[in-house]
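Down below is the structure, laid out as C-alpha cells.
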Amino acid sequence: MADTSHLERMGRELKCPICLSLYNSAVSLSCNHVFCNACIVKSMKMDATCPVCKIPYHRREIRGAPHMDSLVSIYKNMEDASGIKLFVSQNNPSPSDKEKQVRDASVEKASDKNRQGSRKGRASKRNEYGKTKEIDVDAPGPIVMKPSSQTKKRVQLLQNLSAESLTKPTESVETAEKPKDYTENTVIRLDEHPSLNKEGNLSPFFWLRDEDDGENSSQRTESDQLLGTTPVNVPSFSDLMDSDHESPSKEDEQQKPNPGDMFDSEMFEWTQRPCSPEILPSPVKAKVLGRDEIDLTQKKLPKVKVASSKCKNRKAGSARNTVARRSIGVSQEDNMESSAAATISEQQDSRGTSGTIIRNDVNTDENVKAKRATRSKAQSTRVQSDLNVSNEADGKQGTKRKRSSIKSSPAHPIAGPNELSLGTEIVGKGDQDQAHGPSDTHPEKRSPTEKPSLKKRGRKSNASSSLKDLSGKTQKKTSEKKLKLDSHMISSKATQPHGNGILTAGLNQGGDKQDSRNNRKSTVGKDDHTMQVIEKCSTINKSSSGGSAHLRRCNGSLTKKFTCAFCQCSEDTEASGEMTHYYRGEPVSADFNGGSKVIHVHKNCAEWAPNVYFNDLTIVNLDVELTRSRRISCSCCGLKGAALGCYNKSCKNSFHVTCAKLIPECRWDNVKFVMLCPLDASIKLPCEEANSKDRKCKRTPKEPLHSQPKQVSGKANIRELHIKQFHGFSKKLVLSCSGLTVEEKTVIAEFAELSGVTISKNWDSTVTHVIASINENGACKRTLKFMMAILEGKWILTIDWIKACMKNTKYVSEEPYEITMDVHGIREGPYLGRQRALKKKPKLFTGLKFYIMGDFELAYKGYLQDLIVAAGGTILRRRPVSSDDNEASTIVVFSVEPSKKKTLTQRRSDAEALAKSARARAASSSWVLDSIAGCQILVLI
C-alpha cells in the first residue's frame, strides 16, 4: 500500500490543472505552472492569464517542458509494472497497442490513407455544395460574416498526412483545401519518421513524439474535428513577427517551393533546431507559403481543379464574406490597389474567362485616360507614370510580385512603361491571395493585430486566382472603404497634405461622365472610388517618380503659413504687419531654402524689439533679441517671446507687440519705438518730453510784453505770467519725492511745470531737496532716499513747502518745513546730517569695518551695504580675523528680521561668538539703521 500511496502522490503532481488528466505535451509558463499544450492553447483563446495564479502571459513565454513528459512516461510504466490504474490519462491505449504503434510503420500509413480517404469524401461534398453556391452567389438573403483569424495562423499539426498525398497533383490541391478554413494557406507533409522533415531537421516536440505515439492520436482526433469548423477570431499575443521585417531572397522566390518544408506547430509556430533543447521562433525560410504560390509551382494541375477548389472555398467561407474581405482591402498598405481590383473583378465576372481579364483591364485603363483627358493631358501621363513608379518603388517585393503575376498568366501581354494596366498594378500589389482565403470578419470587428499578417499574405499571392474569385459586392462597403482609406492616407502620408482633394474631385466628375456614357449605373460608386484610389496613389508617389513622370502644379493655394518667432502667430494683422523672412540678417523670399537658419518674424514685431535696428535693408541683433525673448513671458497672454518691455525701467511687464496693441491704455512713441504699459501711463514718453522742451523754448518772450497776450491763448498767458512771477528759483534745484500720495505727486508735477525745476525719480547726488510724506504726528517713513539724504546733508521737507512756494510765487525758506522725526522715534537726523555736511566733518562710519552675516534678503542686504558705504564704512567680504588693535574697529552685523531657519537669539549668539573670536563687536541691522537715521553712532549694548 505504501508503494501505491507514493504512486498516487506522483500521479497527482503530474496532472494538468485544466483537464485533470496526465500531462500531454507539457508546456510551462513564466510563473512555472505546467499545463498540457492543447489545454493552454484553448485557455489562451478566452483569457491570456495563467489558469492557476492569473498572471498574464504572452505566447512567447510558453516553453516546452519535456522533462514533465518524461515523468509522465515513467509514471505510466510504473503503473503498468504495478498493475494498478490510479489516473486515467487523456488517451490510454493498451501496452500492446503502444508497441505496435512504435514498431509497425505500415499500420500507421494505412491509418493515414483511411483518414485521407474520409477527408476526400467530405471535401467532395463540400465541392458540390460550393459549385451550387458559386452559381447562386447573388441570391438574396442575409450575408453571414463568419469569424476568421487574420493574424499569423496558429494551426493544429496534421500528424497523419501521408507522403503520397502531396505527390499527386489532384490530391495536393484537395488536401491543401481541407484545412483551408482554419490554417489559411498551410500545406504540411510529414515523412515516415515522425521527428524528421524532408531536410532532416527535427520537428517541433520531437522528444514527445518518440515517447508515445498513442498520445498523439488524441491530437489527430481533435485536429480532425476542428477542420470542419471556423475558429474563433483569436488576437495575437506576441509581437514576434519575423516576416514583417524580413523577406525571402530572390533565389528562394525562384526556387520551386517544397510544401514538406513548411509547417506550423500548434498555435505558436515553433521550430526545433538540431541538437538544441530551446524552442525558437520560426526563421524566414520556414514561413508557410500561400497555397496560391504552391499552385503556381505545380504546373501539371488542370484548371478544372483550381475552379473546384474555388467552389470549396466559397462553401467554407461563403462568397459574400470573400467579397466583404475584398471590400476592406488586404491591408492598410495596399488598400488603394485592392479597391481598384474590386472594379476589375466586376468586369471579369461579367465576362467569365481569364483571357478577357487583361482586355478588360486595358479597357479600364483607356477609360481612366479618357476621364483624365477631360482635365489635362499632363495629368493622364502623370497618373499612369506614377502607377508604374509606385510599382517599381517596392524594390524586391515589387519584382517578386511581378514575377508571380507573369507565372500565373503567361499569355497576358506586358504593358509599356506608361501603359501599365490596372490589372497588372493590382497583381503586382499582391491582392490575389484574398480570393482563396476564408471569409473576413466585419471591418469594425477586426482586431488591430490582424493588419501585419494581412500585409504578409497580400504580398505572397497569385494573380489568376484573385481575378477569378472577385465578385461585385463592394457597393455596400464603399463609404467604409473611403473612410478607412482617407484616415490611413492622412496618418501615414502626412508630408503630402495638399492637392489630393482637387485631383480627386476632378476624377470623380470624369468617372461619372464615363459611367453614364457606358450605361453602367451599377458600378458608378465603385468606379469613383477606384479613381480616388488611383489619384491618391499617384499623389503620394510623385516624390519617387523621378524624371519619367510629368509633374503638374496643383491649382489650389499651397501657400505655407509661417509662425512669427516673437508672437508665435501665423496670421498677418494690422497690429503685427506682414510676415518677413531674414537669412543671416538679409531679407529673403518666403520660399528661400535656408533651413532652420531662416527667421520668420512680423514686421512690427521686429521693429519694436528693443535692441533691433536696421542698417539699410540688413537687420541687426535679431537673433540676439529672439534668444532673450524666449525667456520672457507676455504679461497679457502668458506665452514666451515677449521682447517689448515697458519704457519705465522699474516696471517688469513685457508684452508681444500684437498683445500690447490690443490694450488701449498703452502709450506708444513711434519715433523712439518705446511703449508705456497702463501701470506707468503717467510717465512721459521721449516724444512728450521733447514737446515740453519745445513749448518751454516758445515761452521765451522775443517781443514786448504788451504783444504777448495777443499771440497766445488765455491759459498759456496765465502760465507765462506765473513763470515770470516765480523769482529766486535756481536752475540747479532738483527735487525728489519719497512716499508721496497721488495727490501730492500731482502738486509736485504742477509746481515743476510752473517753476521749471527738475524732478528726479531715483536717488542721485544731484538731488537738493527730498519731499517726503508725513503722518499725523509729523513723522516720515524710512526710505532709501530719506536715509541717503541724511548722510549727504540734503533738505528733507514736507509737501507744505511746495504749497507755500506756489502760494507766494517765490522761493520760501525751508527751515520751517524740515522734517525732524521718523516713524521709529529717531529725532533731529536731517538737521544733524546737514550740519555735518556744512561743517565738512568726516562721514558717520569712517574707519569702521562691517561684516554682514546671517539670513538677509538679497534686496535688503544690498540696500544695507549701500547705506554703509555712503556713510563711509567698509564692507568685508570674508570673515574677520583677530587684530592687535586696542580699539575694535570691526562690527559683525546680524539680521533682526524673522527667519524660518534660526531664531533671533541664535543669530545673536552666532554673531557674538564670531565677534569674540575676531576681537570685534556684534550689532544688529536695526542698530545700523538707527545710527544713520539719527546721524550719530549709538551705543552698542
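Glycine is no exception: its Cβ is also placed from the backbone N, Cα and C atoms.
Looking at 2-9, 298-305, 418-425, the stretch flagged in Swiss-Prot as motif 'Nuclear localization signal 1' turns out to be 298-305. According to Swiss-Prot, the feature zinc finger maps to residues 561-612, out of the candidate ranges 561-612, 873-924. As annotated in Swiss-Prot, motif 'Nuclear localization signal 2' covers the listed stretch 444-451 rather than the other ranges in 444-451, 692-699. Across the zinc finger (561-612), the model assigns an average pLDDT of 88.
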